[in-house]
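Here is what Swiss-Prot records for this protein:
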TRANSMEM  12-34  transmembrane segment
TRANSMEM  54-76  transmembrane segment
TRANSMEM  96-118  transmembrane segment
TRANSMEM  128-150  transmembrane segment
TRANSMEM  162-184  transmembrane segment
TRANSMEM  194-216  transmembrane segment
TRANSMEM  243-265  transmembrane segment
TRANSMEM  285-307  transmembrane segment
TRANSMEM  319-338  transmembrane segment
TRANSMEM  358-380  transmembrane segment
TRANSMEM  387-404  transmembrane segment
TRANSMEM  414-436  transmembrane segment
Amino acid sequence: MYKTKCLREKLVLFLKIFFPILIYQFANYSASFVDTAMTGQYNTMDLAGVSMATSIWNPFFTFLTGIVSALVPIIGHHLGRGKKEEVASDFYQFIYLALGLSVVLLGMVLFLAPIILNHIGLEAAVAAVAVRYLWFLSIGIIPLLLFSVIRSLLDSLGLTKLSMYLMLLLLPLNSGFNYLLIYGAFGVPELGGAGAGLGTSLAYWVLLGISVLVLFKQEKLKALHLEKRIPLNMDKIKEGVRLGLPIGGTVFAEVAIFSVVGLIMAKFSPLIIASHQSAMNFSSLMYAFPMSISSAMAIVVSYEVGAKRFDDAKTYIGLGRWTALIFAAFTLTFLYIFRGNVASLYGNDPKFIDLTVRFLTYSLFFQLADTFAAPLQGILRGYKDTVIPFYLGLLGYWGVAIPVRTLFDSLTDFGAYSYWIGLIISLIVSGALYRWRLTVIMKRFESLAKSKC
């Protein structure tokens, strides 16, 4: 990160940060995409099982990665204030925090997942695949969270290209392990859909090993003296949790509502479950665009706010939101035109493809809503405003999606589509609430700046 003097320099810096994050996010979401697509080609029953498993996994995993992502604004503020010597200490505290959170998530997966999956009305075969998938996936919890901390460090330092290069390794690693374990190639035991969970875990262990080597060999990081182990500092841990818990909670509130919808849909046939999850899976892949802008906004805004250059932060906000709209125009057009081709990536059954196309059409609307809402979350994180957005997210997602879904399900014959309508309206409401909060925060900082003149 560095100080910029004009709009052109800001645009160049923003795009330099944004594009590597975008490629990184695509690679990150590709793990779930590869698991779902390759399992769908195996058979529909296993796809339904993996779909149910990811509905449980995603909220808790994103909650914990959201907590450790608090490292980005913390380091951003240090750099903006010229306190680079504080970076290593915060990095190690988040490593310790990630290890503790890994143990919590591991226990939840091993003990709670089977109870939930066996009591929501799933067919026995589908539930069995889901449980085995989660058990295999739990092997990779530690490297998943530790890599998230390393990535947050690199991103906050502006080394987003390095994060991108590391994450690009995930797709070939995950695809290779999945091919061996799902289909039983080259004498490896055929595990079906559950093998996708083990494939993802193995891929992340390899990725973590490579990341640690890079961390200590990268010339630009040697000035941080990361080789010096820093002991546990509970005050810094508490600061990280204080800032990270609302971030994780906000992400959890959004992701969990999608997952709850997926679990409620257990009452439908395996075909509908598989079609719903396939459409949702590809929509998650497309979410990489607004999510990347959100991450980039958190980096640049936190840096400028830390340096007390509030007008520069405001300029970046405008750049980020326009970038989101431009990319949305391209991605939504692409999905609308090629939604039939997208559906065929997940299976060959004509009924399955037709149903998935319908779900993908609904997904266009909540992807548009995400274009407005997601960048606002990153901007608010850049201002270190996380608590109020958490409650706004709870209100917007949970206070709207479920009641609207229930209303449409009871009064219309929309069936499974009622769930998607509820999600779309909840995203629109959440985006409006985040925009209101940003207006309040920006006025507060502008008043603070004027009072010090």
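Placed from the backbone N, Cα and C atoms, the Cβ positions cover glycine too.
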Cβ contacts the transmembrane segment (128-150)/the transmembrane segment (319-338), at least three under 8 Å, sequence gap 6 or more: no
Beyond the flanks of the transmembrane segment (194-216) by at least 6 residues, Cβ under 8 Å: 31, 34-35, 38-39, 46, 49-50, 53, 129, 132-140, 143-144, 146-147, 150, 162, 166-167, 169-170, 173-174, 176-178, 180-182, 226-227
Stretch contact, the transmembrane segment (54-76) with the transmembrane segment (243-265), Cβ-Cβ under 8 Å, 3+ pairs: yes
Most Cβ pairs under 8 Å with the transmembrane segment (12-34), selected from 243-265, 285-307, 387-404: 285-307
CB contact flag for the transmembrane segment (243-265) and the transmembrane segment (319-338), at least three pairs under 8 A: no
Which of 285-307, 319-338, 387-404 contacts the transmembrane segment (358-380) most, counting Cβ pairs under 8 Å: 285-307
